[in-house]
Amino acid sequence: MQNQLTIKEIALELGISREEFDLIEEKLGRIPNEFETYLFSAQWSEHCGYKHSKHYLKKINESYESENAGYVQIGGKAVVFKVESHNHPSAVEPYQGAATGIGGIVRDILAMGARPIALLDSLKFGNVFDPKVKNIFEGVVSGISDYGNSIGVPTVGGETSFNEIYSTNPLINVMCVGVANKNHLASSHADGPDKLLVYVGSKTGRDGIHGASFASKKLSGKDDRPSVQVGDPFTEKNLIEATLEILKIKGVRACQDMGAAGVLSSTSEMAYKGGVGCELYLDNIPKRQEDIEPWEIMLSESQERMLFLVNPGTEKKVEAICNKYLIDFAVIGKTISTPHYVVKENSEGKVLADLPIDILVNAPEYYRNNTIPSTYILNKAKKYPKTKIKDIDKILKILLSNHNISSKKWIYQQYDYKVETNTIFIPEQADSAVLWLKKTQKAIAVTIDSNELYTYLDPFEGTKNVVYEAARNLISVGAKPLAITDNLNFGDPDDPEVSWQFEKSIEGLIEASKELSTPVVSGNVSFYNSYHETSIFPTPVIGMIGEIKDIKKIVNLKFKDCGDVVYLIGKTDINVDKIGGSFYLKVLEGFVGGEIDFVNPMYERYLQNFILDLIDKGILKSVHDVSKGGLLTALAVSCILSNRGFKGILDASIEELFGENQGRFIVSVRSKDSRIFEDIAKSSNINVKKLGEIKSSDDGIDICSAYFDLKELKSIYFDSISKSVEE
């Protein structure tokens, strides 16, 4: 009895609930031993088991997590992509948390047999004037920069937001894109018994132990640094090349990154997906410390490690490649026909665990009775405040200086965004990053987007807006949207209000993806983004990829020549009753509430096809989606980044200038093409409004009886973040 109580106490300490421990005992028909209890603590964690999200994720895609990443076919190639988070580790150890987040997502792409070609990130922080937040911000950017630059994968784009709700819970979401031969994609599924499990990469140490469990609970403020992994980008670079070579060997059957829960998760899931069991020999696993405990070996999340399944006789070829790249190699076990997960000290030694593999990998599925948050009702009922500042000059300058809208140059200038020479535009020059597919005329466009104000005020419509915003960003460079990857960042799933937000966000994602014919092919869920009793705003992050058929026809947001005519396309008349969630209200009025604007799916798709057609015809010289900060902010950014002035003919209210209604683009055309453009728009039933014409930089921006000196605006826009960091 004493032993049983001890095991149960260990289980509770490891995060297994009483009900879950009883369920394990019931399924096994016995009490697990201590070692097995450690295995369950990781595999049944939220991070590995998706306990609170599986019910909803099945509605998106039945094979949502079948492989390491999703892909689309473009130009005869498989373009592989996925986004993941490293939120908790980055809150505790910003530099290593962010760096190893890069390493992990790169290995997910690598495990598909794809060469990583680009990184993007979605970063959320609190107020950077807070010293603690500033430390996290600088550490995260440095970690991303050092790791990404060292492995030779460019960071080509992303977004960074600042909101006090993320002060103790920063969000570090990273997207990676890779390219592979469409006929040679690797699988993570074992394909039968009597195959060898081969370990490749760094040695196993104590870093990252309990990382999966750590990511499955609220941040407490305690020292959780032992749960944070430590990265080595130079080993990762060698691992990338070694993996791509190993996957060319005929006898290599499957590949899996050793991520969350390390050896345990990679081996058990590979075997389970293939309908077989496996047998592991711990003495064979390369170790940094000889005194490392068996359970530590299994749960360690030491970085830069991969698992391969190979035919017997193939291992020598794999070993030769590992020797070439100076990384560790070991045969650590084999697949077996019996569907059990067996762990031994060595091939002849003591059995430490013997578990039915389906019980180990299939955590329970929870479906809560959700509750509509009281804030949801209250926020919708809020009346917009009377405008305190009516001076357009002051409003625009305040918005351009706000860290959510100002240039992120301080961040991206630390990234090597041109390495491998695939990148067409430097960051911020276009609404999406564009990557050339070498030896073809095609390119891919990639973007990553979110809007926590929208998704807080209305998780369903807000998530739809984010998906459509991502699509607009691709349209703005001439790319047809193809597919989605997502990272769903939420608070405590045991809170019925958070669970409601999650469900509604999923429903919005599903509806928008169907409307745009952009399937969700991969993704991730990050729960427990809460500190004590405060959860973050619901923050679904959407990565989207699109195809550009002719790289010669791409456009960006920069105005080109003086005399070109500028138009607003789409919703030309703003609904002043639906400007809730706008940065104008948040920044100028300190107000978060009211109704957000909804997308019109049919019109939006028609509008997007219209823009793509005009880009293809060469009529549009620049395209810029109107989003954060509204119309005048978007117009000013195009002027700033192109070093061009603007003479406007617009007479508009503050709400029209700074509201954020959906489905709008700013475009420019040659003066000689303006009549043709207007005629095509009229015949296509597309709303357009002439805004003015492009002038020289010396002319500044003249609009709505206000004049802006371009040099002053450039200084405000480019220097805001750097001044805050350096203070």
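First residue shown is number 1, and so on along the chain.
Any Cβ shown, glycine's included, is placed from N, Cα and C.
Taken from Swiss-Prot, the feature active site applies to H47, supported by sequence analysis. According to Swiss-Prot, the feature active site, proton acceptor maps to H86, an assignment based on sequence analysis. What Swiss-Prot lists as ATP binding site is Y50, K82, D486, G523. For E84, N524, the entry in Swiss-Prot reads Mg(2+) 1 binding site. Residues or ranges marked as substrate binding site by Swiss-Prot: S85, H86, N87, H88, R107, Q229, E301, S302, Q303, S526. According to Swiss-Prot, the feature Mg(2+) 2 binding site maps to D108, D257.
Across the structure, N524 (Mg(2+) 1 binding site) and D486 (ATP binding site) are spaced 6 Å apart at their Cα atoms. When the CA atoms are compared, the recorded positions lying within 10 A of E84 (Mg(2+) 1 binding site) are D486, G523, out of the candidates H47, Y50, R107, D257, D486, G523. Checked against the residue listed as 'active site', the recorded positions H86, R107, E301 differ in C-alpha distance, with H86 being the nearest. Straight-line distance linking the Cα atoms of Q303 (substrate binding site) and Y50 (ATP binding site), rounded to a whole number, equals 22 Å. Comparing the Cα of D108 (Mg(2+) 2 binding site) with the Cα of every entry in K82, S85, N87, these being the binding-site residues, the smallest distance points to K82. Nearest Cα neighbour of G523 (ATP binding site) among the listed recorded positions (S85, H86, R107, D257, E301): S85. Summary for the binding-site residues E84, D108, D486: the Cβ-based neighbour count within 10 Å is maximal at D486. Nearest by CA distance to R107 (substrate binding site), out of the recorded positions Y50, K82, H86, D486, is K82.
Ranking the recorded positions Y50, K82, S85, H86, E301 by Cα distance from D257 (Mg(2+) 2 binding site) puts E301 first. The number of other CB atoms found within 10 A of the CB of Q303 (substrate binding site), across every protein chain shown, is 28.
Annotation: H86 carries the greatest number of neighbouring Cβ atoms among the active-site residues H47, H86 [cut-off 10 Å, Cβ to Cβ].
Cβ-based neighbour count (10 Å, all protein chains) for N87 (substrate binding site) stands at 25. Classification of E301 (substrate binding site) by DSSP places it in coil, neither helical nor stranded. Secondary structure at the residue listed as 'active site, proton acceptor', taken from DSSP and collapsed to helix, strand or coil, is coil. Counting every protein chain shown, the number of other Cβ atoms lying within 10 Å of the Cβ of R107 (substrate binding site) is 26.
A strand conformation is recorded for D486 (ATP binding site) in the three-state DSSP classification.
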